[in-house]
Number of protein chains: 2
Amino acid sequence: MDTYLILSALAGVVALLFAFFLASSISKANAGNERMREIAGYIHEGAMAFLYREYRYLVIFAIAVFIILSIFINWQTAVCYIAGALCSVLAGYIGMQVATKANVRTTEAARNGMGQAIKIAFSGGAVMGMSVAGLGVLGLGAMFLLFAKDVNYIAGFGLGASSIALFARVGGGIYTKAADVGADLVGKVEAGIPEDDPRNPAVIADNVGDNVGDVAGMGADLFESYVGSLISAFTLGVLIFKGGEGVLFPIALCALGIIASIIGILVGRGSNADNPQAALNMGTYVAGGITVVAAGVLSMWLFGDLKAFLALTAGLIAGLAIGKVTEIYTSGDYGSVKKIAEQSQTGPATTIISGMAVGMYSTMWPMLFITAGMLVSYFVMGGGLKGLYGIALAAVGMLSTTGITVAVDAYGPISDNAGGIAEMSELPHSVREVTDKLDAVGNTTAAIAKGFAIGSAALTALALFASYAQSVKLDAIDLLDPLTLAGLFLGAMVPFLFGALTMEAVGKAANEMIEEVRRQFREIPGLMEGKAKAEYATCVDIATGAALHKMVVPGTLAVVLPLAVGLILGTESLAGFVAGALVTGVLMAVFMANAGGAWDNAKKYIEGGEYGGKGSNTHKAAVVGDTVGDPFKDTSGPAMNILIKLMTIVSLVFAPVFVKYGGLVSHLLK
Amino acid sequence: MDTYLILSALAGVVALLFAFFLASSISKANAGNERMREIAGYIHEGAMAFLYREYRYLVIFAIAVFIILSIFINWQTAVCYIAGALCSVLAGYIGMQVATKANVRTTEAARNGMGQAIKIAFSGGAVMGMSVAGLGVLGLGAMFLLFAKDVNYIAGFGLGASSIALFARVGGGIYTKAADVGADLVGKVEAGIPEDDPRNPAVIADNVGDNVGDVAGMGADLFESYVGSLISAFTLGVLIFKGGEGVLFPIALCALGIIASIIGILVGRGSNADNPQAALNMGTYVAGGITVVAAGVLSMWLFGDLKAFLALTAGLIAGLAIGKVTEIYTSGDYGSVKKIAEQSQTGPATTIISGMAVGMYSTMWPMLFITAGMLVSYFVMGGGLKGLYGIALAAVGMLSTTGITVAVDAYGPISDNAGGIAEMSELPHSVREVTDKLDAVGNTTAAIAKGFAIGSAALTALALFASYAQSVKLDAIDLLDPLTLAGLFLGAMVPFLFGALTMEAVGKAANEMIEEVRRQFREIPGLMEGKAKAEYATCVDIATGAALHKMVVPGTLAVVLPLAVGLILGTESLAGFVAGALVTGVLMAVFMANAGGAWDNAKKYIEGGEYGGKGSNTHKAAVVGDTVGDPFKDTSGPAMNILIKLMTIVSLVFAPVFVKYGGLVSHLLK
């Protein structure tokens, strides 16, 4: 069994080698003329500046947590924590390095049509995907084997991944929207210059934001889910199956998922370039198909039946279904978006009301699918502890092809960047047309990836929730106990608080950005005429600083609140707290992401010529919806994924402390 | 003990007699000149037309439920159901009759200054308040005594109250906003005529809406909470205390609360009229003070200690605290509203984002207060079943002075109506100034009453939830059971669905109204010039029809969903479902009500001259916020109160069915 375990972990090395192969093939591509390279250089520098500044915060944060873990838990968990954080950082670093190389090379390739451009952009995304999956399997596998397969320590690895995800996703989300709003409001609206115009001082920050938020942020989010679901499956698997098959099944599946993702990526890169959407879809289906077959074989081999396979497939289907629903509610091809566009005719208020209604409606199906996925995976495994293991497998199933999921998603911002570079380098309009087409494909796939991110976050948090209950030895979490109910009430409130904090953060950061852009237009002579250069670096610096400052409060809350509830109200109350946060967190995530996506595409639908097209009053109303939707879909909504996973894993890691010292007040009351 | 019980129930008669006394004093007041009487007549007719049409729907609905209850539960519950529905209908009918008389008399009195005007408006509200409290205590007490003090039947009374509340609050909420938006959008914006201008065909419907939504809707909402909290206290009280003191304590307290409210109302009517806010506050404090003292005495007499008193006071304090927080987040005197006004300078998008953030933030304190109130009232009674009884007492504490709470609240729309009548009758501007002052007072108190309505709905639903668990004999509601978790997930989603449905209903109803107003301006020659009369009745008719049609789907869902979950997934899953709906329902109610209130007052703050005042771009942005906020605060937000109580009481009433036939699918799974 050990040999297989080691082999599975080594699949991570294969993933990294493949990422290396893709990265060097990108490096070899032509990076365009001097102007293009200069602009790409700014973006690259800006992205790296964000990373390095983030690392400074991170180091302090990580050292503090390391010390706390060493004192209150044990040094092994602390080591796992550092390993998890390092793996996530490394994946993000590799992904960003390559994405900021792939963007300009995609632009250059787009001068000769779609064929080569899609290949480079997709390869760029695939590097991020392979790094996430590879470092996840390798890092977690190494820790598991290092500590003699004792599952008590590896939750630390998940906590490490969660910490980085917090910085990358929440900080990145604030960054990208602050830069976006700043660039749009002063550049497009006040100065009246087009999008991605090099005279706009915030334009580089805006392009950096795409990388920071959509490449690194999404990558860290899925890395966290990926290792979280594995940790939960490991914890429960060791408890139930004594022969090691409970651990081998999920990790071997992820190893095969990596191989399947590599095949899928090769299919995606090689297939017909005239239809990029079909190419991406084909790659995804091939990878999914292989994984499902592999799951069936593994299930028969390890358990002698297909139960584990069915549990896992339930998760996969739920993930796909959520993705499809996300598309239906947010794509311009369907009724919801068209209705928002229609309602925009009576002004911005009706745009907002109808978008909110769409977002609220859209929570129904994902909740049903998550519930169904959970029930099927639980009961198909026979309920009880095995059933909980089944839920963990459903999460693993959704995430086993993370390699290609991230690849398809990160491809979007790379194409978006490529378009920006084409614009800023004043390349012929035909180049921009090609990158726009690539970007449009990216938008649809990004919506689906968001659905996947939410679904997997929910199932992962559920599985970790079950692990937590095991860990603190709760036989039941009784809602008739008012302490549990109190936890439920308080936990359910946290996503609302988190949403308010992150939306406000975007607003404040955007205001700083707006001030700076206005200052540059005012103080730099000749900037408007294109004779002087804008100070891009100052804008990048402001966005970076603001994003990192503004995430301190929500980030601290996400860590401190579960600790406070556990210590004051006790383990059962904390379970209620986590359940409450999980349930409203998922609802708010879906609501905000889909309302935001629907507003975005309603605006695009009108720009396509409906209801008076660009510049009409209807369009103006739709722009209001889009602006409201920006922090909804790119900051607060995705931040919920992190919140629910982070609070659950904090509870799991600190379980021993709660058992010992928890419930200070509740003991007094009882 | 029986004598005291009968005496307590008879306090209801006192309340009704006092209401009769107030009503006849209003009738005696001068109803103004012919024009005023004509307009008041239209409003009165419109309000009654809505009621009669509503009754037609109600009769069908009530007969269907009566038959279902008779077959599946028992005839006694069915009789209680009809009694509860009749009491609520009667309270609403009396309240509306008098409110639509008090409005014009307030206008007339306002010609001679504040003194008499406030007295009439407040008396009008007090009739509604006294009817609610009186019929609640009398009706419920009568049923309890009629069926030989068997608490198994009286839940039917609560279901009856809930059914009416659904029609009155949800239907009324849709009505009032459809009429409001219709009147504003075509009248003020398109035709450019002032608010409450008699040329506007929707102006009568708009004034009817204030009565339908804010008088009858709020009354039915609090009637439901009032009897709901009593039912829960009865059910648990009988179980715990064999001597009848468990029942006597809450009903005697409500009886004394009626007397206290009467004293409070007399104080409020009699005190210094120069400062109407102080008069209303004084009345409320006097009533509250008397009730608290009475609770202490009762607690010592019946139980020999102050535990019940403390539990009850915890609820009262929580209610007041929520009211205060509501004021802080929604009044123009505090930071949140000022911030929204400031953010409106950069356009409607930032208005919306900052208002949403305020609404989300504002959920924190109410959740903390509800949680604290629940924990204190539970543990002070000693936990266990007695603790649950304590939670019911906390709800009773919040509601014992319902008489004056409703009075203070219903006073607002009466003053608002008085202003409208002054405008339409072209009275001197000074009259409108007086009624505007009265109305402004009403707005603050309405915000507080909304906080009370939400807080009491939450505690009542919690108490009923506990009764339900007793009724289906659940020893625990275990969140580690995936069926319970599934219930939690599904239940938590329902308020989002309900919010989407009700917001959409307002949109559609408003559109019908807009079409009609446009048609009249187009087709009636001389209307704009004031030479021809608008067809008010058509607009009233459209609002009535639309409101009642559009509430069928959300209303049916609120009844059918808990039945479906109970039958398919079983009693424990249904408990999770109710808990989930309760938790997100309260969050959404607070979020929507406070965001809406804050937008409303941010607009008013700007109209007070800040940031360029009326007509500025900042003002236009704030108007967008206000328009979005209208269905938030007056339709969807308050509808949540009904939703959570209705679903809980449906679960409680049908508990015997679930025990027998429930969990069709879950039995198969296990």
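Cβ atoms are placed via backbone N, Cα and C, with glycine included.
Annotated in TrEMBL:
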- A:6-27: transmembrane segment (TRANSMEM)
- A:120-147: transmembrane segment (TRANSMEM)
- A:153-170: transmembrane segment (TRANSMEM)
- A:223-241: transmembrane segment (TRANSMEM)
- A:247-267: transmembrane segment (TRANSMEM)
- A:309-329: transmembrane segment (TRANSMEM)
- A:363-381: transmembrane segment (TRANSMEM)
- A:387-408: transmembrane segment (TRANSMEM)
- A:Ala446: site 'Determinant of potassium dependence' (SITE)
- A:452-471: transmembrane segment (TRANSMEM)
- A:551-569: transmembrane segment (TRANSMEM)
- A:575-595: transmembrane segment (TRANSMEM)
- A:642-661: transmembrane segment (TRANSMEM)
*Tally Cβ pairs under 8 Å between the transmembrane segment (A:452-471) and each listed stretch (A:6-27, A:223-241, A:247-267), then give the stretch with the top tally.*
A:223-241
*Which listed stretch (A:247-267, A:363-381, A:387-408, A:551-569) has the most C-beta pairs under 8 A with the transmembrane segment (A:642-661)?*
A:551-569
*Hey, does the transmembrane segment (A:6-27) touch the transmembrane segment (A:223-241), meaning at least 3 C-beta pairs closer than 8 angstroms, sequence gap 6 or more?*
no
*Return yes if the transmembrane segment (A:309-329) and the transmembrane segment (A:387-408) have at least 3 CB pairs under 8 Å (sequence gap of 6 or more), otherwise no.*
yes
*So which of A:247-267, A:387-408, A:551-569 is most in touch with the transmembrane segment (A:363-381), counting Cβ pairs under 8 Å?*
A:387-408
*the transmembrane segment (A:6-27) versus listed stretches A:120-147, A:153-170, A:247-267, A:387-408, A:551-569: most Cβ pairs under 8 Å*: A:120-147
*In contact by Cβ distance (the transmembrane segment (A:153-170), the transmembrane segment (A:551-569); 3 or more pairs under 8 Å)*: yes
*asked:* How about long-range neighbours of the transmembrane segment (A:247-267): same chain, 6 or more residues beyond its ends, C-beta under 8 Å?
replied: 1, 4-5, 7-12, 14-15, 18, 22, 122-123, 126, 129-130, 133-134, 136-137, 140-141, 144, 149, 226, 229-230, 233-234, 237-238, 282-291, 294-295, 298-299, 302-303, 308, 312, 392-393, 396-397, 399-404, 407
